[in-house]
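**Q** Before anything else, here's the structure in question.
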Amino acid sequence: MITTLLRRSLLDASKQATSINGILFHQLAPAKYFRVPAVGGLRDFSKMTFEKKKTSEEEEGSGDGVKVNDQGNKGEQLIVSYWGVKPMKITKEDGTEWKWSCFRPWETYKADLTIDLKKHHVPSTLPDKIAYWMVKSLRWPTDLFFQRRYGCRAIMLETVAAVPGMVGGMLMHFKSLRRFEQSGGWIKALLEEAENERMHLMTFMEVAKPKWYERALVISVQGVFFNAYLIGYIISPKFAHRMVGYLEEEAIHSYTEFLKELDNGNIENVPAPAIAVDYWRLEADATLRDVVMVVRADEAHHRDVNHYASDIHYQGHELKEAPAPIGYH
């Protein structure tokens, strides 16, 4: 009985001490930094403290706020990140703010319009002939479907043309990791090509508004082409690059026809999209015709790079043995 009384006395004393400590804690700790829940453990206390701090930072407009103003978004958003990752504040040469987050000023360039557009690789081997006629066979259904709607045709073309560089760069990236060896810069060159083709697409999306069934066609064609090209590149890189070279030759032809329609007045020569003006460093009063001219020049450079890559393989070498044409515009 004495033992039981002693236990009860110790338990009551412990409860009183805990209550006194809690009162002192509330009196001494500033409310700005601590919010102790009536029920719950340290986990709830930590969560409530972080939420209090986050709310306080949002109200006070702390430096962790990141303004996001990407083109195409509705208005501006204020994103508060615990990690404190902030975008660089970039300005143009004239001091105005750089408004594009998808590319930076040092990634822009002036296209080389003097490139020879008529260069052609004459197919001599069986793989070359197969690649050539495969690409030629794709022109007929494309002409039938799009006819003279060259804006939508360009969108379809660029969704396909952006695939080979990504596939080739991805496979070379894995090969470099697997073999513990450098790529000779070809990973960067091929991914650069894919990004350039994607920028073509983003530009023409500002000009042409594809219909829903054209968007569905893009999804289907891209899915089929990606898997087919992936298998083809694994089996024979020289065949894959040769086919892309011929595909780029067809792109040059397509954009040449686009220019003819613009010159004949069948397509309105609207002002160039703002993204195109900054990406290709065009004049402020540039038009759609100027955009088509620089895009066609890009395709000619991609033609050269892929035929060159195929020639390297045909000569019994690997791409890493030849310096990659990085920044070849």
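Heads up, residue numbers simply count up from 1 along the chain you see.
From the backbone N, Cα and C atoms, a Cβ is placed for every residue, glycine too.
From Swiss-Prot, for reference:
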BINDING   Glu158, Glu197, His200, Glu299  Fe cation 1 binding site
BINDING   Glu197, Glu248, Glu299, His302  Fe cation 2 binding site
TRANSIT   1-45  transit peptide
TRANSMEM  154-174  transmembrane segment
TRANSMEM  216-236  transmembrane segment
**Q** Filter the binding-site residues Glu197, His200, Glu299 down to those whose C-alpha lies within 10 angstroms of the C-alpha of Glu248 (Fe cation 2 binding site); answer none if the list is empty.
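**A** So the list reads Glu299.
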**Q** Please list, in sequence order, the residues in the chain of His302 (Fe cation 2 binding site) that are at least six apart in sequence and whose C-beta is under 8 Å away from its C-beta.
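**A** Counting only residues 6 or more apart in sequence, the Cβ neighbours of His302 (Fe cation 2 binding site) under 8 Å are Ala161, Glu193, Asn196, Glu197, Val244, Glu248, Ala251.
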**Q** I'd like the number of other C-beta atoms within 10 A of the C-beta of Glu197 (Fe cation 1 binding site), please.
**A** 25
**Q** An 8 Å radius from the center of the Glu197, Glu248, Glu299, His302 Cβ atoms defines the neighbourhood of the Fe cation 2 site; name the other residues of that chain inside it, in order.
**A** Ala161, Glu193, Asn196, Val244, Leu247, Ala251, Asp298, Ala300, His301, Arg303
**Q** Would you count the other CB atoms within 10 A of the CB of Glu299 (Fe cation 1 binding site), including those on all shown protein chains?
**A** 26
**Q** Going along the chain, which residues six or more apart from Glu158 (Fe cation 1 binding site) have their CB under 8 A from its CB?
**A** Glu197, Arg198, His200, Leu201, Phe204
**Q** Around His200 (Fe cation 1 binding site), how many other CB atoms lie within 10 A of its CB?
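**A** Neighbour count, Cβ to Cβ under the 10 Å cut-off: 25.
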**Q** Using the centroid of the Cβ atoms of Glu158, Glu197, His200, Glu299 as reference, list every other same-chain residue with Cβ within 8 Å of it (recorded Fe cation 1 site), in sequence order.
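**A** So the additional residues around the site are Ala154, Leu157, Ala161, Ala162, Asn196, Arg198, Met199, Leu201, Ala251, Val295, Asp298, His302.
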**Q** Around the C-beta of Glu248 (Fe cation 2 binding site), how many further C-beta atoms are within 10 angstroms, looking at every protein chain?
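**A** Other Cβ atoms found within 10 Å: 25.
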